[in-house]
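Feature annotation from Swiss-Prot assigns domain 'ABC transporter' to 8-256. Per Swiss-Prot, the feature ATP binding site maps to GLY40, PRO41, SER42, GLY43, CYS44, GLY45, LYS46, SER47.
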Amino acid sequence: MSKLIPAIKVNNLSFYYDTQKILEGVSMEIYQSKVTAIIGPSGCGKSTFLKCLNRMNELESEVRVEGRVEFFNQNIYERRVNLNRLRRQVSMVHPKPNLFPMSVYDNVAYGVKIVGWRPKLEIDDIVESALKDADLWDEIKHKIHKSALDLSGGQQQRLCIARALAVKPKVLLMDEPCFGLDPIASMKVESLIQSLRLRSELTMVIVSHNLPQISRISDFTAFFKGNESRIGQLVEFGLTKKIFNSPHDSRTREYVLSRLG
């Protein structure tokens with residue numbers, strides 16, 4: 001294996017909603033150009049952890065973070081950090097497609113236009129490239145100026161991925177990207193993730209309950225579980241093959257066996 005370079009370093013991270021502690025003492029590294037999966041039972045703080053990686057949790061009120069999250073050696077929780085820039089570099093795809101009520105083209109171009117003025121032909125190229133990167137161009141190139149809301153659920157989710165890719169992030173966070181999709185649509189999203197994994201230097205972090213899928217698409221896996229007080233903690237982190245086949249912790253083993261049968 002080539003030398004692993006951390007894109008994100010998490011050190012002793014704890015997270016609170018008001019006075020309620022959701023995460024406690026999480027430390028791990030997310031490696032550049034690798035796919036890291038976050039697994040664990042419902043309610044153990046997986047999605048909360050994901051949103052800590054680009055400060056999306058701060059869109060809600062009364063939150064508090066302790067510890068450090070470093071993105072290429074810069075603490076993202078320093079006051080001087082530009083949040084818009086951070087969230088372009090560490091972009092996020094949510095469980096359900098959150099498209100704007102506008103055309104396919106405008107959905108993809110939206111983030112590009114916010115960054116600054118560019119000639120229309122350049123934006124056209126960016127939109128086409130992002131849709132191709134999301135394995136969507138051939139399916140919808142004849143209707144990119146029609147409403148994005150008319151697409152199927154699977155196409156809408158891949159369009160959200162295209163929109164994220166259009167701003168050239170270094171890290172892509174995906175929270176249950178196949179949530180609610182039928183098996184065929186889910187497989188297309190999985191194939192897209194595999195394709196991005198093989199042909200790009202994009203770092204991806206994926207939260208999922210679908211362990212068979214995670215075993216196929218991820219390089220590393222982190223297992224989270226709530227303690228006796230239902231506070232989410234990192235139980236074990238390592239190569240996906242190791243976590244799935246010979247984990248160190250009995251709690252990891254029990255969870256993996258219960259999900260895989």
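Numbering starts at 1 and runs along the chain as it is shown here.
Cβ from N, Cα, C; glycine included.
In sequence order, ASP175, GLU176, VAL207 constitute the residues six or more apart from SER47 (ATP binding site) in its chain with CB-CB distances below 8 Å. In the three-state DSSP assignment, the secondary structure recorded for GLY43 (ATP binding site) is coil. The sparsest Cβ neighbourhood within 10 Å, among the listed binding-site residues (GLY40, GLY43, GLY45), is found at GLY43. Taking all protein chains in view, 25 other C-beta atoms sit within 10 angstroms of the C-beta of LYS46 (ATP binding site). Residues PHE224, LYS225, GLY226, GLY232 surround the recorded ATP site, their Cβ atoms falling within 8 Å of the Cβ centroid of GLY40, PRO41, SER42, GLY43, CYS44, GLY45, LYS46, SER47, which are themselves excluded. If you take the C-beta of SER42 (ATP binding site) and look for same-chain residues 6 or more apart in sequence within under 8 angstroms, you find HIS209.
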